[in-house]
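Student: Here it is: the structure, laid out below.
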Amino acid sequence: MVNLKIVIVIIVLISSNVVLAKENSRSLKVAAQEENEFTEINSAPLKVSEAARYSFADIVEPLIPAVVNISTIEYVNSKSENAEKDPLQEKVNDFLEKLNIPLNLEEVDQTPKSVPLGSGFIIEPNGLIVTNYHVIANVDKINIKLADNTELSAKLIGNDTKTDLALLKIDSEEPLPFVEFGDSNDARVGDWVIAIGNPFGNLGGTVTSGIISSKGRDIDIDTDNIVDNFIQTDAAINNGNSGGPMFNLDQKVIGVNTAIFSPLGTNIGIGFAIPSNTAKPIIERLKKDGKVSRGRLGVTIQDLTEDISEGLGLKNTRGVLVAKVQEDGPGDKAGIKTGDIIIEFADIPVKNTKKLRVIIADAPIDQEVKVKILRDKKELELPIKITSDNEEVTKDSTEETNKKEITNKEENNLSITKNNITFGNLTEELRQKYTIPQDKMGIVITNIDEEESSFKIGDLITNINQKSIDDISKLEELYENAKKSDKKNILLLIERGSSNMFVPLQVM
């Protein structure tokens, strides 16, 4: 009986093991199947070169020789406070002074000092170099140091302030290593990029890498700049990298490193480059003509803010406001007037002043385009023949400032005060004091009792709510009418130096 029980237990155990074995076998098959499926999903080949998986060395090695350091020479008087002290020269000077031999410090030889400016890159074996305009702006002498430490003088072939690009030329007996532009339109957010340059002026040939963080960035680095499609990267870019190249993994230049965003002045992972597709045509025009000609409308413009729109009785901020029309310019000849709102240019909707400047710059010179404006809340279409900006440059009214600082207050003049701002009638005394031409009419700001204001003493107000004004009583009337109508502000057209701009005055 005992033996029978043992046999039964053995059979049960064997059966259990068989079942477990089958389950384990099935589980293993499922796991294997799932593993195979998982492996297949993740075994798709990545579109990255084998070399770049582990190192960029093979990519950057042939590129570094084409990247240059740019510097200039300043002459420092050896006796100036900022000059480095030469102990031997000081001893000689002390000896001469003891002998009562006068020293003419102005005749002491000046010591040449190399001042780093930025980076650049060679685009042709004959020595053509691309860099940023701001790197070489206001510099008389430009020096180039190659990767092998050879130093050569460079001459400026041409520059374009509106895109911050410049073309230099060095002469060399031997063909120079060079790099080529690629297609920045093919670049995608997340692509690897490599920056090579001369950070802080003394670290030439520095290579950094990162990815494209974004494309089409519109940043306000300069009011004149019309580039509105910067490439953003987290590759380390610092002071001194300006003008250097941004490469893709195909060793092509897809950007010109131009700016960084940093409250500290050093890299925090936000850098910007001019796309190669923007730079290439500019460089070609600089090679050919040494300059870039663009379209000109001949008007001063400013953005429409909510306060300005409210002052004009508009319900939105579509378009840009014409603050001044240049006499005999294309806009003047076509009939554009101060106070008009440009809403379309060549069938392209106008969003803001920078967009309009870009559109005008790209407009065909000496050809007619259609411009749609809003005047007295009615749409009009005007044909305008665009001219070259080499004749005169169009600027945003907010770019210019009153160069003449006036701090004294005006007293004993018929005046009224609104919002801590004193307005006075334009007397002959005020004309002379604030240098206002005889043919100008309006009222003038004589005092401001607040620290921050969009107005300045000496501003001439010629228009309020698009109505001409020549007496402060009109200001009082329009201000009180707006107050009764529960309007937030009235709109003043001011003249400041050679510029015009609309500025809202809050109704309180």
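Quick reminder: no glycine exception, Cβ is built from N, Cα and C everywhere.
Copied straight from Swiss-Prot:
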- 1-23: signal peptide (SIGNAL)
- 119-284: region 'Serine protease' (REGION)
- HIS134: active site, charge relay system (ACT_SITE)
- ASP164: active site, charge relay system (ACT_SITE)
- GLY240, ASN241, SER242, LEU297, GLY298, VAL299, THR300, ILE301: substrate binding site (BINDING)
- SER242: active site, charge relay system (ACT_SITE)
- 286-377: domain 'PDZ 1' (DOMAIN)
- 413-497: domain 'PDZ 2' (DOMAIN)
Student: Just to verify a number: CA distance, VAL299 (substrate binding site) to ASP164 (active site, charge relay system), in angstrom, no decimals.
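Tutor: Rounded to the nearest whole number, the Cα-Cα distance is 23 Å.
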Student: Whole number in angstrom, please: the longest C-alpha to C-alpha distance across GLY240, ASN241, SER242, LEU297, GLY298, VAL299, THR300, ILE301 for substrate.
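Tutor: Greatest Cα-Cα span of the listed binding residues: 36 Å.
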Student: Need one number: mean pLDDT over the domain 'PDZ 2' (413-497).
Tutor: 89
Student: Cβ neighbours within 10 Å, counted over all protein chains: which one of the binding-site residues ASN241, SER242, THR300 has the most?
Tutor: ASN241
Student: In whole Å, how far is GLY298 (substrate binding site) from HIS134 (active site, charge relay system) when you measure between their Cα atoms?
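Tutor: With the alpha carbons as reference points, the distance is 26 Å.
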Student: ILE301 (substrate binding site) to ASP164 (active site, charge relay system): how many Å between their Cα atoms?
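Tutor: Roughly 22 Å, rounded to the nearest whole number.
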Student: Within the domain 'PDZ 2' (413-497), count helix residues (DSSP H, G, I), strand residues (E, B) and coil residues, in that order.
Tutor: 19 helix, 30 strand, 36 coil
Student: Could you give the number of helix, strand and coil residues in the domain 'PDZ 1' (286-377) as assigned by DSSP?
Tutor: 25 helix, 28 strand, 39 coil
Student: About how far apart, in whole Å, are the alpha carbons (Cα) of GLY240 (substrate binding site) and ASP164 (active site, charge relay system)?
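Tutor: That separation, Cα to Cα, works out to 15 Å.
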Student: May I ask you to report the DSSP-based helix, strand or coil state of ASN241 (substrate binding site)?
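Tutor: Coil, per DSSP.
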Student: Would you identify the secondary structure of ASP164 (active site, charge relay system) according to DSSP, in three states?
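Tutor: ASP164 (active site, charge relay system) sits in coil per DSSP, no helix or strand.
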Student: Cα distance, THR300 (substrate binding site) to ASP164 (active site, charge relay system), nearest Å?
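Tutor: About 22 Å separate the Cα atoms of these two residues.
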